[in-house]
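Some features that TrEMBL has for this protein:
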{"type": "DOMAIN", "residues": "71-453", "note": "domain 'SLC26A/SulP transporter'"}
{"type": "TRANSMEM", "residues": "70-94", "note": "transmembrane segment"}
{"type": "TRANSMEM", "residues": "100-123", "note": "transmembrane segment"}
{"type": "TRANSMEM", "residues": "144-171", "note": "transmembrane segment"}
{"type": "TRANSMEM", "residues": "209-231", "note": "transmembrane segment"}
{"type": "TRANSMEM", "residues": "252-276", "note": "transmembrane segment"}
{"type": "TRANSMEM", "residues": "322-345", "note": "transmembrane segment"}
{"type": "TRANSMEM", "residues": "357-379", "note": "transmembrane segment"}
{"type": "TRANSMEM", "residues": "394-413", "note": "transmembrane segment"}
{"type": "TRANSMEM", "residues": "420-438", "note": "transmembrane segment"}
{"type": "TRANSMEM", "residues": "450-483", "note": "transmembrane segment"}
Amino acid sequence: MPFKKKLSFDANGDGEVKYTEKNGDDCYELSHSLEMDMQSRYSAPKQAHWLLRRIFILTWIRSYDRSQAFADLIAGITLGLTIIPQSIAYAALAGLSSEYGLYSAFIGSIIYVFFGTIPQVSIGPTSLMAIMTLQFCADKPVQIVIVLAFLAGFVELLMGVFQLGFIVSFIPAPVTKAFTSGTAVIVVLAQIKSLLGIRLKKVPSIGDYFTNIHLSDAILGITCICLLLALRLLSQVKFKQDTPLTQRLKKVLWYISISRNALIVFFSGLMVYIWVHKSSMEAVPFALSSKVASAMPSIKLPPFAFEHQNRTYVFTDILHELGSGVILVPIVAVLANVAIAKAFVKDGKLDASQEMLTLGLCNLAGSFFSAMPTCGAFTRSAVSQASGVRTPMAGIYTGLIVLSALSILTPYFQYIPRSSLAAVLIAAVVFMIDLTPIKELWRTNKKDFFSWTGSLIMCLVAGVEMGLLFGIVVSMICILLRLGNPRIEVSLKQWESQYYVHIVPQSDIFYTGVDMLRTEIVAASQLYRNDFPIVVQCSRFMQFDATFVEMLNAVAKELANDNVVLVLQHMSLKQQQLLPFTSNIRFCNEDQELFPQESKQ
């Protein structure tokens, strides 16, 4: 019979069950089953197959039911009514005709259904992407915009494949806020001309600016802004009594509020349409949108080579025209998309790489339909959330509504006044201007305050891409300064009857901070007249390499000349083996090991 240890085993925690020679096998089986139960209960869930993670629709389509379909239908229709006027306005902001905005709206909504992970996210044209497109493609052929969408999608796809989402982490929150506010200010300033009916491309002076205002356009634009702001407040109306009637009325007011952009564009266009048919197009006192001949999308390769105004553009010419936009546009799009996804994700489980892959596919597919660069829109995502969206399937209904608009409403785009579109854009982005960091950051963190201020000024003066680049560079410089100047705490401590100088790094020390640490050690030894041993806490030594070894040897030799012992505390065995034997260096973990000879006595 094999030998069995007579150990106690208490299965129930009451001390009654003992592990003996008779019941040893039973107790072993019981303990083994308990161990297996604990492992199954607290082990991480099994990861889904990579195909299910990438084609994300496969994870939820099998359990898709009627209630989810109805909720997605309502949300998709609501979102469609929101995205159509926004797409038209954002295309105008980017310097394009209306159909290009709608191309971007339908293809992004449909692609996201199959690959997207967050039901609320709405991929399509945004004010951010419109202003970035205008920044890099102003006064350039529309073919360059389409190639920019392809290149942006390709870079985003590569970022997702190689899981480069960490790049976004190098853009701190103050820089993001400054970038968003700066973009919103630029949109507002760019649209004031259309809002007031100023039809000059360049305004020589402030006097000329006011003398060229068209009163009819200005009245219509300002009226539209007032109506948009009033309709926005409808969703905040509260009733004294909560009855079924007031609940239904509140729901109606909410639908009117979220459809305000569509209502303004529809009624202003209807007014012009009636005006034209009662008189003539020339009699309309408003500046109107450009005429769209045919807007139905067709699949074709992005124009990597084309002719425009007697000039032949090849792919290298297009890259030269776009410059840094090839990198900055996808990075900004990923930054915006991941931020929106984080705002709506449940349980904090966000697959950022999958969102980047999906955004890349949306832009790649969009370039085959002559779309402009796209990303997620926070306002539309909020509308989806409020509409009760359940799955990404809502994007199918949104895409179908946009396609219907392209096939039916195209001839009527020319009746939309530019001032009403400008009002829609201004009312949409003006609330993105956030000046609260001026007070908050000045009080809490001066570095972040200057980073925010500098980024905002650079956005307004030199362009949004320079503002973002400025913020990133400033943040990287601060990180490098922190790496080169780690915070180190020096104090005199006592263990029993012995004193020692304790040097504790308050931040991680890389090879860049080694010289700073050496200076602190030597200065501390001199401060206490070389009377006490120097104890250095080593747990925050990162990437221990030859630079650390060289510094510690040099410091130990300097201290040895003054008969001072260097004690390295909490240094790993692997790091200790890298140091050559030196009689002046000791190692310890606990305080009682600092003075081994004295403690034995």
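Just so it is clear, glycine is given a Cβ too, placed from its N, Cα and C backbone atoms.
Automatic prediction, not curation, is the source of TrEMBL annotations.
With a cut-off of 8 Å on Cβ pairs spaced 6 or more residues apart, the transmembrane segment (252-276) and the transmembrane segment (209-231) reach 3 or more such pairs and are scored as touching. Counting C-beta pairs under 8 angstroms (sequence separation of 6 or more), the transmembrane segment (322-345) fails to reach the transmembrane segment (394-413), with fewer than 3 such pairs. Comparing 144-171, 357-379, 420-438 for CB pairs under 8 angstroms to the transmembrane segment (209-231), the maximum falls on 420-438. With pairs at least 6 apart in sequence, the transmembrane segment (70-94) and the transmembrane segment (420-438) have 3 or more Cβ pairs within the 8 Å limit; the two touch. For the transmembrane segment (357-379), the neighbouring stretch richest in Cβ pairs under 8 Å, chosen from 70-94, 100-123, 144-171, 394-413, is 144-171.
The average pLDDT computed over the domain 'SLC26A/SulP transporter' (71-453) stands at 85. Tertiary proximity for the transmembrane segment (100-123) is limited to same-chain residues at least six positions away from its ends with a CB under 8 Å from its CB atoms, namely 54-57, 79, 83-84, 86-92, 94, 142, 145, 149, 295, 297, 337, 340-341, 344-345, 350-351, 354-355, 357-359, 361-363, 365-366, 369-377, 380-385, 389-396, 398-399, 402-403, 405-406.
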